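Asks: One structure, pasted below without further comment.
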Amino acid sequence: MINILKTKFVLLARNPASFIIITVIICLFAYILGLGQQAKFPIAVFTDLEDQQTQFFMKELGKMPNKSFELFEEREAIEKVRNGDREVAIHLKEDGFDLVIAPDYMDAPLLQHEVSTIYSKVSQKQAIIQAYPVDKQNEISAVIDEAVANPSFHINYSNFSNDGAFIWDAKLHSLFGFTLFMVIYTVANGVNHIVMERRSHIWDRLIVSSIRKSEIYIANLVYSFILGYIQIAIVLAIFYFGLGVDFYGGFYQSLVIVIPYVLCIVALSIFIASIATTPGKFNAFIVVLAVPFAMLGGAYWPLEIVTSETILALSYISPITYGMDLLYGVTLNGSSLTDLIRPLGMLLFMTVVFMGIGINVMEKKEVR
Amino acid sequence: MIEVVNLTKTFKKVNAVDQVNFYIEPGEIVGLLGPNGAGKSTTIAMLSTLVPPTSGDVLLQQQSVLKNPASLRKVLGVVPQEIALYEELTARENLLFFGNLYKMQKDQLKNRVDTVLQQIGLQHESKKIVKHYSGGMKRRLNIGVAMLHEPDYLIMDEPTVGIDPQSRNHILETVKKLNTESNKAIIYTSHYMEEVEYLCNRIYIMDKGRIIASGTKDEIKAILSSENTILVKLEKHSNDFLSELMSQPLLSNINAKEAEISFTVAKGINYLPTLLTLCEMHHVTLKSYEVKEPTLEDIFLHLTGRALRN
């Protein structure tokens, strides 16, 4: 088995083009669609407030992670959203705020939540001050500011799911989405060796040798798994160590949690290999399956913004759905292992079904 | 000895191989001759335990190997019709890889690889990537891989398909040497009757999944011992003349290729005077008249009514 595995890696080293190209494509797409866009467009802000209040709000907004803000005149800000130069504009008012959003802006609930929090802090302060006589209001305001600046104790809390809002990080989403999508092609390239070897009768040579058939299958599956896993690890490491993408403390966990997804893709590829009789047909089937799986599984956009019941129902058949759930779970959502049992279970179930059917069909075809 | 007993393979109610029986003894070369689609490759696949038969058995020293093929696989080397090699590896790497599958010791394997490279005449090209080899070199390496574990029996499924005459001769000589010098028993399938005629001690002729004739070369040729094959060459082709020949009751197996016509006629009949009369009648000039020894091609034509390489 080790001999087969070693030879596969020698063959890869002699012809590494597809592995390298897919790795570069993942990095490029994840960067362009995630990091690139984020850096390019600060959120537009226009205001009805006094200068001092505006400065205060801009300062508070600036504390939001991964977002930047730029002040405009009202007409200019709305024009920028209309033209697509900005995805969203915030209208700051005395009694609240409005969001002017482009149709494809997906961070609206989170942004609304953040701005509301800032407004509540201001309103709270106003309510306390107004409870005192006018001549004491300045003094009270100073006391509050000092208390806020030097709190007796710190309470850190995070609550990401208020009012049905969903957590969204464009950088991570592009990174995870494109990685899970494109790695299908890499794993499939590995499994395609089986189809090619069967076609060229190398498989027959392996069968009539002293090695067991189970060892031949395991060597091929392990090779495809390692190939896919190494690619994911390389891409995630480039973004984490090289580009400083925030994994919310879950970088190493994501390297572990992605294992069931890669296994599932290996099993899916085996299933396709059992149906396809030629390497060309195998590649065609993979392309036809991978793209819809990516769309349905939320690799391009979060499933939370999808309203079609049909598409949401179909998303359950895509392994990418569960892969995204797992990766989001260990990073942005900070989920426990118990929270991730459903996507883990689904991926393992799919692995068993695809692998079981795939190998059985292959064996039956061998009997011809 | 390997024996095949009533071997049958049915695909979707069609018998690709139908009740085939044959045997091969140590040290002999047995030919399996038949046109494309005759069932040779399916027979070979069942014999090499790659495909289970629908019915029948494969015996090695009187023991069935269908349930436990390991004993047969140890003594059997298979040369598939296709080039079953890793094209991105060198010849040496290919041989080392396939040799490793037989769990040979490192030193033993290295020696075997050197010996095999010498036997197939690739010792000076062993570090070249296989995809840069000519068709003939790939074919030779394809044979070399099957010889690595020193099997007693070699199955060669059309090992000379698609190569130039020089490489073909080299392969035929290699096969002959393997048999005479290493005493390997070889089952050689082909649809080139001249190869089978040159190499094989005994021959099985297959058509439509069945063995239609078998025996030594002389025994098979004796099938046509009561007939002579006549080959005539005309100055130009004539449909009327051909129709006239077809209507002659003494002639059979008439086969025309433009101005060349072959037919069989019972031994003892001198057909030349009649033929000259017919030529005169149809204003056809006879260029040559040859009485041939029957070939395997003639036997196949006689048995099936079709040419071997249709």
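Don't overthink the numbers, they just go from 1 along the chain as shown.
Backbone N, Cα and C atoms are what each Cβ position is placed from, and that goes for glycine too.
TrEMBL feature annotations, pasted as is:
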type     : residues  : note
TRANSMEM : A:12-33   : transmembrane segment
DOMAIN   : A:137-365 : domain 'ABC transmembrane type-2'
TRANSMEM : A:175-195 : transmembrane segment
TRANSMEM : A:216-243 : transmembrane segment
TRANSMEM : A:255-275 : transmembrane segment
TRANSMEM : A:282-301 : transmembrane segment
TRANSMEM : A:344-362 : transmembrane segment
Asks: Using a Cβ distance cut-off of under 8 Å, indicate which of A:12-33, A:175-195, A:255-275, A:344-362 has the most pairs with the transmembrane segment (A:282-301).
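Replies: By the under-8 Å Cβ criterion, the transmembrane segment (A:282-301) pairs most with A:175-195.
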Asks: In the same chain, which residue numbers or ranges, 6 or more beyond the ends of the transmembrane segment (A:175-195), come under 8 angstroms Cβ to Cβ?
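Replies: Distant Cβ neighbours of the transmembrane segment (A:175-195) are 8, 11, 18-19, 22, 25-26, 29-30, 33-34, 203, 220-221, 223-225, 227-228, 231-232, 235-236, 239, 245, 261-262, 265-266, 268-270, 272-273, 276-279, 282-283, 286, 289-290, 293-294, 297-300, 320, 323-324, 327-328, 362.
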Asks: What residues in the same chain, six or more past the boundaries of the transmembrane segment (A:344-362), come closer than 8 Å to it by Cβ-Cβ distance?
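Replies: Same-chain contacts beyond the flanks: 194, 217, 260-261, 263-264, 266-268, 270-275, 316, 319, 322-323, 326.
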Asks: Under 8 Å between C-beta atoms and at least six residues away from its ends: which parts of the chain pack against the transmembrane segment (A:255-275)?
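Replies: Apart from its flanks, the transmembrane segment (A:255-275) reaches 180, 183-184, 187-188, 190-192, 194-195, 221, 224-225, 228-229, 232-233, 236, 282, 285-286, 289, 319, 322-323, 326-327, 329-330, 340, 344, 347-348, 350-355, 357-362, 365.
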